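Enquirer: Checked TrEMBL, it gives:
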- 2-337: domain 'SPX' (DOMAIN)
- 168-208: region 'Disordered' (REGION)
- 171-194: compositional bias 'Polar residues' (COMPBIAS)
- 388-409: transmembrane segment (TRANSMEM)
- 429-452: transmembrane segment (TRANSMEM)
- 473-497: transmembrane segment (TRANSMEM)
- 509-530: transmembrane segment (TRANSMEM)
- 594-786: domain 'EXS' (DOMAIN)
- 658-677: transmembrane segment (TRANSMEM)
- 705-726: transmembrane segment (TRANSMEM)
Amino acid sequence: MVKFSKELEAQLIPEWKDAFVNYWQLKKHVKKIKISRKPKHVQDGNSALDFGRSIFDSIRSFTINFHKAADKPEVPQVKSIIKEGEDGSEQEEQEEMYETENELAQLFSEEDGVRIFFEMLDEELKKVNDFYKTKESEFLERGDILNKQLQILLDLKQVLSDRRRKIHGSRSGSGVFSRTNSLSGRNSDFSETASEYCDSPTGTETSQTEEVIAALEKNGINFVNSASTRAKTKIGKPKMAMRIDIPATTPTRTIAAVTSMLWEDLVNNPKKDGPREYINKKKIQCAEKMIRSAFVELYRGLGLLKTYSSLNMVAFVKILKKFDKVAKQQASANYLKQVKRSHFISSDKVVRLMDEVESLFTQHFANSDRKKAMKFLRPQQNKESHMVTFFVGLFTGCFVTLFSVYAILAHLSGMFSPRTEAGYVETVYPIFSMFALLSLHLFMYGCNLFLWKSTRINYNFIFEFQPRTALKYRDAFLIGTCLMTAVVGALVIHLILLSSGFSPSQVDAIPGILLLIFLALLICPLNIFYRPTRFYFLKVIRNIVCSPFYKVLMVDFFMADQLTSQIPLMRHLESSACYFLAGSLTTHGLPTCKSGRMYRELAYVISFAPYYWRAMQCARRWFDEADINHLANLGKYVSAMVAAGARLTYARTPDSQLWLAIVLVTSAIATVYQLYWDFVKDWGFFNLKSKNPLLRDELILKNKSIYYVSIALNLVLRVVWVETVMHFNVGLFESRLLDFSLASLEVIRRGHWNFYRLENEHLNNVGKFRAVKAVPLPFRETDSDG
């Protein structure tokens, strides 16, 4: 049977951990009471025994009339004193204070451990109640706002639909919306043509705009945007410009927002009417998606709060049962009655709001199909299959076997002898080392997923993954082992055919065919081999490449950081593409590519690109959030870009002392910058006021020495660039092997960095009790002055 402490630790909400009952501390105190409790000996034996038992019968936090019988001593009690708020109310604004009666305080002086235990219990009960009230009020307020947003959307659609029927004959194909009470499914397929109603301040369009505004102002909402202005009617009264505030998360929206701002600055003047806002299909669809997502997050938050209430109730029951066992009495019943009357148990507002959200979501976003609505509100996670574990083991065994066969065949055939070394290494090495680095990165990511899960880091929430389709650590291991098994198998086939006398022009096509197969699988539209993950990966890569036009999410800049550690992989991809396009694999003209000017210039572009993308993401985040730290982070990637360019130039002119000095200076500056950011900003270490020397106050791993080892390891792996200025006198194969080893160490360093980066992010969420995503809403309320 699993102990409740383990069960509680497994089920509690990680972001709200500090707000739960400190069951473990209470349990330790009960053990102390058990150890310290000794029988008391006084002259009146029977009376002393009854008096000792009466200590454990005393229950805190509510009032009971205690009686005194002839054959029993008086049983002292603790009462709950309800203090009124400043407004005199005793209902929602009341603060519950649990105080001990003087008589009980005197009696508890005989048993200090019991008194302290009940004081701790009262503090925990008050903490749980206060947190529950705070979160309940937040969700209720959010629910009211969402109801208003939904009503605005329905009213807007209804008014425009009614207007369309009136002017349908004269404005056919104008693109207004069909009349409906539902916002999703078939009924949400709006007209393909965008509608524009505010073309002119007079006539039909003006009448329609005023009608829409009149219908919506019933809700007390005015639509504005960053570029919103007011037009004036003929009588001089200000007229609200209708706006839907859609975040600029894509290049189209970003360019549209900037264009709107420029248009207002250039065209608008006090003598003319301000620019009109056009309500079109795209804006309504975006508003609908935002409101739908907000309802889903609200429902999820309410579910978490309901879980919080039930787990805390069970915790109180369990700890009082343990106390009864120590006291050898049934003393918890009265206290549990008080707990059940507490707000976090007695309040039914969360349950009622959940029912209301279910009803609204089913009606307006699921075409009254409850089963469909529940797929959004309560997404089911896919069960982990033992087949995945089986195939991970199978492919791992195949990889080890094939690699052993390859090593034996390479040794017997003398493939790495000086006679055949150059051609084989230059043609085969780029592609296969690229796959090896990718597989290593997948393996490190699988290790990260395993450690995040083991330490209760909610990476799905941080990255905003869908729990149903999110990649699990077994899946990451399966992809990596499958990839490496295929690569090593192709290596063995390539080596066997080459040793059997086949033409190199035919055999050397095998690496290219393997590359094309994996690229085709990556973009394959069929629902096979983790299609949601593949498409999500492509979407993130698109967001990174198009920086800064896309809004930067956590997963975007996290993935961009991974790319900065995979520059060797992209260089190998460049080499492979060059060999195929230039025909080098068939002619073995090895200098053909590397002697070209375009190839050399493209090497700079590839070395700069990941740092450039990351810098542009920092610029976009500074623009969105106005946080100066993002500009400082941008400087880190600029310094890394300069250092990478200097090292690449020095590699081509190794005898230049000037470039050697430039490499040393730029690389040293970039390394110090990166180390500072790793330790202080990303990991949150080197806090001089921390209770853990040079670390954070809150640590997830219990063994603190691991953190110090990680600091030293990250420091060592950050200075591997020193190898670029040291000219080792080794052969071609040894040189390639050394380059691959250094690239692998960088991938390992990145995987090592990933864990602590997300640990720090998780602790920040815990510190702010953020367990649900804050979804922006499309309709923003403003004052009467705009």
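If you go along the chain as it appears here, the first residue is 1 and each next one adds 1.
Keep in mind that glycine also has a Cβ here, set from the backbone N, Cα and C atoms.
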Enquirer: Residue list, the transmembrane segment (429-452) vs rest of chain: Cβ under 8 Å, 6 or more residues beyond ends.
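Expert: Sequence-remote neighbours of the transmembrane segment (429-452) are 459, 471-477, 479-481, 483-484, 487, 490-491, 511-512, 514-515, 518, 562, 565-566, 568-569, 572-573, 575-576, 579, 736, 740, 743-744, 747-748, 750-752, 754-755, 758.
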Enquirer: Tally Cβ pairs under 8 Å between the transmembrane segment (658-677) and each listed stretch (388-409, 509-530, 705-726), then give the stretch with the top tally.
Expert: 705-726
Enquirer: May I ask which of the stretches 388-409, 509-530, 705-726 has the most CB pairs under 8 A with the transmembrane segment (473-497)?
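Expert: Most contacts with the transmembrane segment (473-497): 388-409.
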Enquirer: What else in the chain is close to the transmembrane segment (509-530), if you only count residues 6 or more beyond its ends and a Cβ gap under 8 Å?
Expert: 427-428, 431-432, 435, 471, 475, 479, 483, 486-487, 490, 493-494, 497, 537-538, 576, 580, 585
